[in-house]
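Enquirer: One structure is given below, represented as structure tokens, and several questions about it will come after.
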Amino acid sequence: MERSMNFDEILSHIGGFGKFQKILYVWICLPQILLAFHMLISVFTGAVPPHLCRSNNTTWALPASSDAFNFSLVTGPDGDPGLSCSAPGGVPSTPLAQLNHSTALALSDDHVTGVCQGGWEFSKETFHSTVATEWDLVCDNANLNNIGSSIYMFGLLVGAVLFGSLADKFGRRNIILVGLTIQSTFGVGAAFAPNFYIYVFLRFVVGTTISAVIMNAFVLGTEWTGSKHRMLAGIITDYFFGFGYITLAGLAYLIRDWRKLQLAISAPGFLFIFYIWVLPKSARWLLANQRNEEAMDLIRKAALMNGKPLQEDMETCQGYNDMVKMEERKKDTVIDLVRTPKMRRNSCIMFYLWFVNVLVYYGLSLNISDFGMNIYLTQLIFGLVEMPARTITLFTLNRSRRISQLAFLAVGGLACLLTIFIPDDLSIIRTVLAMVGKFGITASLSIVYIYSAEVFPTVIRQSGIGMGSMCARAGGVLAPIIYLLRGVSKNAPMVLFGLCTLLGAALTLLLPETAHQPLADTIEDVEGSSMSEESEEGNMKPALYEECPTRNPDIII
């Protein structure tokens, strides 16, 4: 009988992370830079600079140029936000810009008409134009800005569901190519949007493609990488996202017009057209879909590139084994995630951890202007924090998954809560605390991917991670909306972020420790039921080498 190998063994033999995989990860990681641009661009394109309400009363004789407006009237500790949204009445002959501070405030108190009829003048000190300045998304329309960001995040949720199923049908590579094409086309289109509603729709479509590229790039890399290197390979893609985070600060600093900035982050996506020729398909997916010859050609190519060509006497029964696994998986569904006590507890906690990590991550990332420092410097600092936060997990995870998750959540939550006690004039301290919170939540977010894959048993692992991802997207949708609570209290968002994160840290104590533990394969493994019968059956079928049934043609390498 000839020796039979499953796909993981083949990867180990040809090099689990050789030259082929390293080149593949270059192709996978490059789009991550643009993904970071699209995810965080609203920090700058949606920014709301200081603004003053024009009066429609001609006796005010407001100057035509915004340079003549004294925007200090509405900024700083003594600023009056009422001037931003209400037009002063009365018939003074002195232009508003020439009034001294106390007089202007007195007039705004005594002669407010309620609604700004004459439009707004915006400061151009920091931004030449933004979505908010072009379409007057301030005062009564200010909520539209947050709602637009939530709709974009909802696109990620739709994309996860839509492109996840399409990838299983048409392949990871094809969906990545389609996603990059749509992302670039609609991203460029958003730069020419004639009104806010079309702009939001175009951004929604871009959001769906973010999920298409992120998910399938990660899966494609995972399916080509040996088990010993998957954690390291996953962290590599995170580094490129962090690099995009940092680079965006420089781009936005150089390009102060929102349309030009939107164009600058979207147009480079068309350069990825060469992926048609260099991005490989997933051999594992090809085998699972009975495209065996095509899969084996790719495997031989990878083996030669890694300098470890396959021997003539080796074969694979992966096609048959995958069909057997598919038949076995039909017994388990998404309902099994919550059907039994321990699985229900573990699943609900993991879903909450996915939700709260993404909620706080984007809650902090998309609202950096709240911390009082220069927006470009804050963006740069938050981007730099990504690197050590993701690196430190490589050292802590080997000691304990549970304690690592708990500790970083606790750090993030406490830092968020402490910011509410810092006065507005101590913006540096507030930014440092927010940076610490960002550090903790970024590290925690990196851990939850790995922890989830180990908490969920093999038979429902994909379903568990898929549901967790959907909960994460729900957190992303809510992150911008939570900032509407500033109308109740300016500290409400950070209090909510802190308390939700600390709750997640406490719940983590109820999860099992998975470091240096064998992965659970079945729900019975999680529940602790007797596995004597399964063990006896398993002893009859060796795990590493199986005899191929004659009814399925063997593929000789």
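Glycine is treated like the rest: Cβ placed from N, Cα and C.
Found this in TrEMBL, in case it helps:
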| type | residues | note |
| --- | --- | --- |
| TRANSMEM | 24-48 | transmembrane segment |
| DOMAIN | 95-516 | domain 'Major facilitator superfamily (MFS) profile' |
| TRANSMEM | 150-167 | transmembrane segment |
| TRANSMEM | 174-192 | transmembrane segment |
| TRANSMEM | 198-220 | transmembrane segment |
| TRANSMEM | 232-255 | transmembrane segment |
| TRANSMEM | 261-279 | transmembrane segment |
| TRANSMEM | 349-369 | transmembrane segment |
| TRANSMEM | 375-396 | transmembrane segment |
| TRANSMEM | 403-422 | transmembrane segment |
| TRANSMEM | 428-452 | transmembrane segment |
| TRANSMEM | 464-485 | transmembrane segment |
| TRANSMEM | 491-511 | transmembrane segment |
Enquirer: Kindly say whether the transmembrane segment (491-511) and the transmembrane segment (261-279) touch, using the definition of 3 or more Cβ pairs under 8 Å where each pair is 6 or more positions apart.
Expert: no
Enquirer: Report the listed stretch (24-48, 349-369, 428-452, 464-485) having the maximum count of Cβ pairs within less than 8 Å of the transmembrane segment (375-396).
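Expert: The stretch with the most close Cβ contacts to the transmembrane segment (375-396) is 428-452.
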Enquirer: If I count Cβ-Cβ pairs under 8 A between the transmembrane segment (232-255) and each of 261-279, 349-369, 403-422, which range comes out on top?
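Expert: It is 261-279 that shares the most Cβ pairs under 8 Å with the transmembrane segment (232-255).
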Enquirer: Contact between the transmembrane segment (24-48) and the transmembrane segment (464-485) is defined here as three or more C-beta pairs under 8 Å separated by at least 6 residues; is that satisfied?
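Expert: No, since the transmembrane segment (464-485) and the transmembrane segment (24-48) share fewer than 3 Cβ pairs closer than 8 Å, they do not count as touching.
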Enquirer: Give the mean pLDDT for the domain 'Major facilitator superfamily (MFS) profile' (95-516) on the 0 to 100 scale.
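Expert: Result for the domain 'Major facilitator superfamily (MFS) profile' (95-516): average pLDDT 83.
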Enquirer: Considering only the recorded stretches 24-48, 349-369, 428-452, state which has the highest number of Cβ pairs under 8 Å to the transmembrane segment (174-192).
Expert: 24-48
Enquirer: In the same chain, which residue numbers or ranges, 6 or more beyond the ends of the transmembrane segment (428-452), come under 8 angstroms Cβ to Cβ?
Expert: 231, 234-235, 238, 350, 353-354, 357-358, 360-361, 364-365, 368, 371-373, 378, 381-382, 385-386, 388-390, 392-393, 397, 401-402, 404-405, 408-413, 415-416, 418-419, 422, 464-465, 468, 497, 501, 511, 514
